[in-house]
Amino acid sequence: MNLLTAQAPIRVPRSGKGLALGIWRFLVVALVLMLSLGFTQLAVAQAEPDREMRTAAPSISADQWRQVRSGETDANFRDSRFDSNYNLINSSGETWRQLRNRWVSPFGLIAIGGMIAVIALFYFIVGRKRLDEPRTGRKLFRWSLLMRSLHWTVATLFITLALTGLNLLFGKFVFRTLFGDAVWAWMISASKVLHNYLGPIFGVLLVVLLISLLKDNIPKKHDWVWFKKGGGLVGKGHVDAGFANGGEKAWYWLLASVGLIVVASGFVLDFPNYGQGRDTMQWANIIHAIGALGLTAVSIGHIYIGTLGTEGSIEGMTTGYVDETWAKEHHNLWYEEVKDQAMSEEEMAAQKTGSNSGGASATKPS
Ligand code: HEM
């Protein structure tokens, strides 16, 4: 017999089995007792609704509740969970509620709905901005793979945050009535978790995107002319623009100002464990909502211009390359700097083969 592996069969002693059975019996009886107590309490509470309040706060009179609600501070009615001056009932909470429901929510609906309506009207009246000249078929390198990946990651996060944020603000009026409480409860808790966790990731990546694009977005004199001439979106004329035009720079600086305020206020809301009080949280919520709703409205304009609105723009952000004609018509000053690097499809294919076989032409145009 192998002494190392041989084991005597494990036997549960009779008394052990009895003990386990005893514990189970005890647990079942305790559970039944607890449940019956719970049901009795529920029945009593339904029969006598004030009883619970009298038990929870036996010596508080109606006058005292009125005093607490008035917002006056006094040693007797402070919330002992905080060492600040908060009252047991925070009256400014009602002001926050009014601001949020009466002003911020309607503002969001007007801004986003208004933007969609204006864009739809613009599209049906003026239509798509097509290229004036035919494409040359020669391509200019515009966005690196890294910048495209960064842009699409930030864009996806932004859209997810916008949709979950809108659900937090307006979802109950639509989905709760449509799908009922159970589905709605799942939807709102999923929205909250996504919003809370994706927010900080978006914040960090937005900062990286803004730093990478800073050099091309410094305002120049010709950007003012671009704005004065409406960006050339209407009519035939072209207006001067470098790598980024006036509109793109405006979007950039909006993200660099309002975007960062939204991120900062989001951090205040996401991490209440740093000692910020209720008033700070309330203000952070109002600032966050106004900024985020405004940005969402403007982002719809950006998405329209990048896709349906302007022929050829989306190609740069998907393939990395734009047609020479597009560059000449939309970013003429940039075109003048890089026009020598334009390549035909064949030259691009040859360059790709060269880079795949480790040839000398592996360098990408800058
Ligand atoms: C589906 C949604 C989106 C589409 C289709 C889209 C499309 C585009 C396109 C085509 C460009 C390049 C324009 C050019 O080459 O000049 C661009 C640039 C850019 N996009 Fe988007 N975009 C989207 C969402 C977003 C979002 C949500 C953000 C930010 C939160 C964003 C931020 C930017 C920035 C900062 C630039 C660079 C502009 C500059 O140079 O200043 N995009 N986008």
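Every residue gets a Cβ built from N, Cα and C, even glycine.
Taken verbatim from TrEMBL:
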| type | residues | note |
| --- | --- | --- |
| TRANSMEM | 23-44 | transmembrane segment |
| TRANSMEM | 107-126 | transmembrane segment |
| DOMAIN | 142-320 | domain 'Cytochrome b561 bacterial/Ni-hydrogenase' |
| TRANSMEM | 150-175 | transmembrane segment |
| TRANSMEM | 196-214 | transmembrane segment |
| TRANSMEM | 250-271 | transmembrane segment |
| TRANSMEM | 283-305 | transmembrane segment |
| REGION | 345-366 | region 'Disordered' |
| COMPBIAS | 352-366 | compositional bias 'Polar residues' |
Q | Folded-back contacts onto the transmembrane segment (250-271), same chain, C-beta under 8 angstroms, at least six residues removed | A | 196, 199-200, 202-203, 206-207, 209-210, 213, 217, 219, 227, 244, 280-281, 284-285, 287-288, 291-292, 294-295, 298, 302
Q. Near the transmembrane segment (107-126), which same-chain residues lie under 8 Å Cβ to Cβ, leaving out any that are not at least 6 residues past its ends?
A. 166, 169-170, 233-234, 289-290, 293-294, 296-298, 300-301, 304, 308-309
Q) Which value does the mean pLDDT take for the domain 'Cytochrome b561 bacterial/Ni-hydrogenase' (142-320) in this predicted structure? A) 95
